[in-house]
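Chemist: Please read through the structure below; I'll follow up with questions.
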Amino acid sequence: MEKFFSPSRHNYADLSPTDVPASEESDEALEEKQFEYFQQRQHRRLVLVNRLLAASTVALVMVSLWLGWELHTAKFGSMGSFQYGFKYELEAAKKVIKLEEYKFLGSPIFLDDGTELVPEPTPGPMKTLGVTDMYVGEPSKELDWNWNQLHWGRFFLLTEDEARQAWGPGYKEYWAENEGGYIAGLEVTHSVHCVDMLRKALRRDVYPLDSPLHGPIHTDHCLNHLRQMILCQGDLTPIPSKYYRGITDNYIFGDMPHTCRNWDSVREFITDRFNGSSAVPLAPGTVLSDPYKKLLGILDE
């Protein structure tokens, strides 16, 4: 008879931490190190990204500033431009500059019999700077009034900041005690005044000297100043000539279009600075005599 034996009984106890195999401990440590490495790597990436963003922002700002300066230089140049105002022009006046195309008038023509005359202007689409007979011809009160309107109120006061900007560190030498401030006139009205003085000098029988300050030296000053202004402006508009049978030759024809600054805007600016809302007040305590009141528009002529 076969004998069956039951398996022997064995007692099992729970494993203690010290009984865990070394391979399992090393796996956990490795996972912790990997996690720590991953966190450090992510931190380094974030730092690098932030630095790149900061550097890119700085570079973008620098490029924008550089491009802005290049565009400014291209637009204005180091000395300014005819359209936006030149370096030495009054800053406040630059804001009123507008360019216009004007057709000049007044060139003489010759008839077939040799008669010289200035024809009546024909209406056209282009603006003009006034018809010829408003400013030339036999002296008259109307003629004088037309000229006076061009340079009337040409002197006005500047603020101290404007004087400093216009004339530099030595601006205080231009203080005008009698007028109570820094008195100035724009070049355009100074030049027109000079043309008017030369017009009158040609007819001393009608316009005797009204002041010893307007004698021959002043006349020479005006002539030489206009010479310099014309050369300084250097207008490059080509002026043609036309053939006339009456003189069997060509003669200059100056009635051509020119690019100009809008005169009405400039004239309005001068008037407002002279006695309008933007006029600079006299220095406190200034007592003006009648000639200076007339000069500054406080007393009518």
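Here the Cβ of each residue, glycine as well, is placed from N, Cα and C on the backbone.
Since the structure is predicted, the reported quantities are computational estimates derived from the model, not experimental observations.
According to Swiss-Prot, the feature region 'Disordered' maps to 1-26. According to Swiss-Prot, the transmembrane segment annotation covers 47-69, on the basis of sequence analysis. For 189-194, the entry in Swiss-Prot reads motif 'HXXHC 1', with the evidence type similarity to another entry. Annotated motif 'HXXHC 2' per Swiss-Prot: 218-222, in sequence order. According to Swiss-Prot, the N-linked glycosylation site annotation covers N275, on the basis of sequence analysis.
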Chemist: Can you name the far-off residues of the same chain, 6+ from the ends of the motif 'HXXHC 2' (218-222), with a Cβ under 8 Å from a Cβ of it?
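Modeler: Counting only partners 6 or more residues beyond its ends, the motif 'HXXHC 2' (218-222) has Cβ contacts under 8 Å with 193-195, 197-198, 201.
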Chemist: Residue counts in helix (H, G, I), strand (E, B) and coil for the motif 'HXXHC 1' (189-194), per DSSP?
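Modeler: Taking each residue of the motif 'HXXHC 1' (189-194) in turn, the totals are 6 helix, 0 strand, 0 coil.
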Chemist: In the motif 'HXXHC 2' (218-222), how many residues does DSSP put in helix, strand and coil?
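Modeler: Reading the DSSP string over the motif 'HXXHC 2' (218-222) gives 5 helix, 0 strand, 0 coil.
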Chemist: For the motif 'HXXHC 2' (218-222), provide the mean pLDDT of the predicted model.
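Modeler: Averaging the confidence scores along the motif 'HXXHC 2' (218-222) gives 96.
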Chemist: Which state, by DSSP, holds the residue listed as 'N-linked glycosylation site': helix, strand or coil?
Modeler: helix
Chemist: Within 10 Å of the Cβ of the residue listed as 'N-linked glycosylation site', how many other Cβ atoms can be counted across all chains shown?
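Modeler: Excluding its own Cβ, the number within 10 Å is 13.
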